[in-house]
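Engineer: Annotated disulfide bond per TrEMBL: Cys228-Cys237, Cys267-Cys276, Cys488-Cys497, in sequence order. The domain 'Laminin G' annotation in TrEMBL covers 1-200, 286-466. According to TrEMBL, the feature domain 'EGF-like' maps to 201-238, 240-277, 462-498.
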Amino acid sequence: ASNFTTTLAPFLAFPPDPDLKIEVPSFSGKSFMELYKLEAYTRLSLEIEFKTYSNDGILLYNGKLSSKIGDFVSLTLKDGFVEFRYNLGSGAVVIQSLQRVQLGRFQRVVAKRYLKDGLLAVEGQENVAGRSQGTLNSLDLNDNLYVGFVPGFSKIVALNTGVEHGLNGCIRYLKIDRREVNLRYPSSKEILRSYGIRECGGNACSAIPCKNGGTCVSLEQKTFHCRCMDGFSGEKCEYKADPCSSNPCGDGATCAVMSPEEFTCKCGPQKTGKFCDKPRKDLSDIDIPDFMNNSYLELPTLQNIKHAFSMEIWFLARSPDGVLIYDGQKLNKKGDFIAVNLANGYVSFIYNLGSGSANITSRHPISLNKWHSVKISRLRRQGTLKVDNDTTIVGKSKPPLTELNLALPFYIGGVPNTRYVHQDSGVKKGLNGAIQKIILNGEPWVRFVSKAVRVHGVRNYKGAPCTPGACLHGGTCVPRLGNHLCQCLGKFTGKRCEKRKLFIKISENDANFIFTLFIRGVRWS
């Protein structure tokens, strides 16, 4: 037992190989070094020189013990940008570089914090500053500092850092405050333990083999694996995936690529179905669409909503759970999205602009089988929610991103498959109820069912407020939430078109007089 020391599973700290001498450590995505905890209660200065072969990865992370939520500080790569994050207890600060770093090239980064204020300086770029909100101004850490990756990677670490992988690259210089850290292994006394590190230059990803934005993952024996971006495949992501190549859509339909394995068919006016191979039923008689848990309307992607938008939805629910609307950017449970849901009777407006979701929920549950109005709006990161005449609730998505970028169809009342919706959207089942009206940016959508490119399981709603006999003598019932108006034929008037107009012309002394009499309660054949 004295020959090795066990540590947190699944990692073991074996005694160092006497023949292994590393001057510049290389990390493969799971490799790490464990150093002593940062002393960063009021201030911190980090300086690092590294090169990366992938756009995402952890450079440094220090937080609470892995099973606890609390203060942390991290330096990471996310989508090619350098991110300096810290949380003093009042919410995370995210300071992101203005430009992406260059793959395969050593670059110098400096990150500093004093009390609430933070600064990120990337070589060749302008400095970026940030500031913590709230009253707390100290950083309280009780776990060790990890370089390259965090062993036993947890959801908390993923949430804090915003990335899911360790560094795939090399670190040749690290300075903490005024002290340069000795990264030579195994001679350094500052390295408490390590896992999977190699000498820089022996990394299979050093040649940057992955094409088209693919992420390189270094494996054993100088091999690698490429994680391809949506739309590409192959050993090195060299092939552009095209699920539309087999022409799966019916005559007159347009095939649109949604992911390397997914496509959608945009149907013509006379066709519907997944492949646009079914005749479209006459939808002209659907004034108010009624949804039955697995129903949905598919419309084109929402437009003119990137920076701001407002929407009002009039709806009735027979069940306390279900989706009213959903639109997203990607099919991999990530990316930007907006959703309005019912959960246990509460209305939620949830959206993500790419840097963290906002979830704005009503204070009170709605009443079932009654018509309600929900108003939502968004201006950059700030969103609002108002249900009926209740107080307007305000929330914000996480910084720094402020634009909403959507690419998928806009769904009303449900979605074809909840497996592809964003993991934060709360979309779990379709609406059991009806949607009377939608107003987008002040413009009412007139007979929006007829604009759908795909309709599944939707029928015409029958019920209050336009019940049989609501309007008499051929009058048309126009719903207004729980009330209604009657549009009467020319000879009738009254709230229910119950009065008939009777015109009487009287001539006297070459003058004509016309009187209109209203006769109530008379049946006219």
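The backbone N, Cα and C atoms fix where each Cβ goes, and this holds for glycine too.
Map the listed features onto the structure and describe their local environment.
Structural biologist: According to its DSSP assignment, Cys228 (disulfide bond) is coil.
In the three-state DSSP classification, Cys267 (disulfide bond) falls within coil.
For Cys497 (disulfide bond), the same-chain residues lying six or more positions away in sequence with a CB closer than 8 A to its CB are Cys471, Leu472, His473, Gly474, Gly475, Cys486, Cys488, Leu489.
Helix, strand and coil counts under DSSP for the domain 'EGF-like' (240-277) come to 0 helix, 11 strand, 27 coil.
Per-residue confidence over the domain 'EGF-like' (462-498) averages out at a pLDDT of 90.
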Engineer: Among all chains shown, work out which of the disulfide-bonded residues Cys228, Cys267 has the most CB atoms within 10 A of its CB.
Structural biologist: Cys267
Engineer: Going along the chain, which residues six or more apart from Cys276 (disulfide bond) have their CB under 8 A from its CB?
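Structural biologist: For Cys276 (disulfide bond), the qualifying residues are Cys249, Gly250, Gly252, Ala253, Cys265, Lys266, Cys267, Gly268.
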Engineer: List the residues of the same chain that sit at least 6 positions away from Cys237 (disulfide bond) in sequence and have their Cβ under 8 Å from its Cβ, in sequence order, or write 'none'.
Structural biologist: Cys210, Lys211, Asn212, Gly213, Gly214, Cys226, Cys228, Met229
Engineer: Please spell out the DSSP helix, strand and coil residue counts for the domain 'EGF-like' (462-498).
Structural biologist: 0 helix, 12 strand, 25 coil
